[in-house]
């Protein structure tokens with residue numbers, strides 16, 4: 001279009017100026033440096049604001065805790081004044097008439113304290129502090145604080161805050177130590193959430209409106225009655241008992257106390273069962289195990305099949321019951337989480353574990369740790385009564401009941417629905433094809449035969465059998481009964497060991513390896529150590545902890561140390577020789593419900609109502625592992641000679657975890673909560689019991705069903721003799737059963 005020899009036209013005055021590449025690079029560099037300077041300035045400003053925010057949060061938390069402390073102190077002083085006034089009223093009549101008038105006038109003058117006098121007193125307290133540090137600016141009073149002493153609360157809070165600042169300035173070099181102390185001391189305060197069991201519900205629920213006053217203890221819900229079964233407590237784990245001649249009022253249990261329990265985190269459908277809480281008592285929020293059964297063994301869950309179990313059974317270990325969905329655990333309360341710090345334990349196993357008597361707030365101000373979570377509203381607790389299921393005959397032969405949803409489950413090559421699944425490291429779940437020797441071989445039982453029935457008379461929450469298999473110990477309400485099972489014939493207890501209080505249930509009893517001592521724990525802060533070698537069994541020592549209840553016990557192989565699972569989530573380590581507490585393992589954020597020892601006494605496994613299983617190193621005094629689940633943990637046991645840990649859950653599943661590899665097995669034969677679990681000493685099999693009245697025997701680790709026995713009520717506890725020849729169970733129909741294992 002244009003000739004190739006065309007000369008370039010000169011630049012006209014109206015054309016834009018052209019930058020060189022170097023100039024453009026310099027311009028970009030200048031702009032980048034400018035933006036970088038702006039970014040640095042904004043970053044410093046952001047860090048400054050974050051620091052100010054942290055400081056304001058610290059001041060707010062300080063004021064928040066002080067307000068609660070002052071409120072408690074106000075009520076305390078009011079109660080003191082009330083009591084002193086009563087004492088004065090009792091003493092004044094003994095004075096002469098003249099002195100009576102003088103004293104009465106003096107008392108009346110003392111009661112007339114004006115607002116001006118209060119302000120003057122507070123001003124006198126503030127005056128010496130004003131020379132050292134200005135008072136901390138205070139935020140408005142949080143909603144929910146009682147305003148009974150509102151006149152001088154803010155001013156007094158300012159005085160305390162100023163005093164705290166002064167203390168911080170004087171003791172600046174100790175701030176780190178005090179802050180650490182604050183974390184150590186405030187960690188136990190999170191136990192306003194978990195709660196211990198208090199008593200067992202023992203009656204049946206009469207038809208009528210009697211059960212309408214039940215309430216729910218949940219950290220996210222306000223107190224008050226609920227209108228429907230689905231809104232009532234989802235902490236349900238129930239066992240039936242014999243019906244009394246006259247059903248008592250549904251408002252109270254026979255002992256007048258609230259129900260106790262390890263909780264189930266699921267709501268009920270088509271069932272009257274629900275759990276009452278015990279927040280009205282001095283104990284923390286009740287999340288408990290109600291030992292009462294549902295009609296027709298209805299699982300305590302809306303996700304489980306609520307139809308009654310079928311009597312028809314299908315022989316063979318490959319039949320299955322239905323799967324229950326795992327219940328998701330609700331998130332913890334924001335308020336309670338914001339005011340607690342984690343606890344680290346690093347002292348050696350033999351070192352005494354000491355805790356101070358007060359907590360510090362950010363190293364500045366001592367505040368009782370109990371003030372932290374007082375925003376949780378107490379709920380008045382009431383007991384509930386339930387209908388019982390029809391009595392089922394004992395079945396010693398292997399049987400597995402059909403399930404209404406079995407057709408939807410994966411199947412094994414034999415064509416029957418599977419109940420055992422292997423879960424790989426990547427979460428893939430596959431049915432387990434059992435090996436040909438799953439149910440045969442040395443040390444594998446064929447079935448169990450009922451040998452003795454021990455009529456304890458109360459719900460049997462704990463059982464153990466002696467090493468000689470001569471005696472069985474059953475724990476119920478307020479006592480442990482000793483039975484001689486070495487002789488045939490009708491059984492009557494040969495001794496009764498009265499423990500705890502008469503109305504408190506025994507939750508665990510453990511024999512020392514020599515069989516000469518028995519340790520008993522339950523719904524009390526005290527553990528009892530019984531001397532069984534004496535002519536008459538007697539208490540030779542008592543161990544007292546700060547927790548209101550003990551859920552489970554374990555004894556070290558050398559019998560020198562005892563471990564107790566407490567309702568506040570702590571694991572207390574006791575020196576049995578000196579009868580002293582030597583350590584506390586703190587990590588569970590809810591009650592610790594079960595415990596076992598592994599690796600020749602060097603590791604401890606605990607399960608909790610916080611949906612976690614934790615492993616502790618007893619030599620180093622620290623937590624090694626933590627396994628999280630979507631269901632509460634009710635029972636566990638470690639295989640004596642293999643690296644497998646069996647866990648029984650509220651969701652009705654039994655999971656077999658490999659403690660060194662990311663693999664596990666899931667077993668789905670139970671139809672409701674798995675309440676107890678025990679390995680045979682050979683490690684080749686174990687048993688589990690549940691609220692579905694079943695005793696299941698499983699092959700380690702893949703869970704082939706060896707045999708299954710049906711009782712007439714929920715089976716709460718179990719034990720296996722040291723020689724693996726006997727199994728003893730405790731149930732909700734006030735009896736224990738001794739089985740002979742047939743090989």
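A Cβ is built for glycine as well, from the same backbone N, Cα and C atoms used for every other residue.
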Listed residues 281, 307, 347, with the one flagged phosphoserine by Swiss-Prot: 281
The repeat 'WD 6' (710-742), counted residue by residue under DSSP: helix, strand, coil: 0 helix, 20 strand, 13 coil
Counts of helix, strand and coil residues, the repeat 'WD 1' (455-493), according to DSSP: 0 helix, 17 strand, 22 coil
For the repeat 'WD 5' (669-708), the mean pLDDT of the predicted model: 96
The repeat 'WD 2' (501-540) - residue tally per DSSP class, helix then strand then coil: 0 helix, 22 strand, 18 coil
Counts of helix, strand and coil residues, the repeat 'WD 4' (587-626), according to DSSP: 0 helix, 24 strand, 16 coil
Residues of the region 'Q domain' (1-127) by DSSP state, where helix covers H, G and I: 102 helix, 0 strand, 25 coil
Helix, strand and coil residues within the repeat 'WD 5' (669-708) as assigned by DSSP: 0 helix, 22 strand, 18 coil
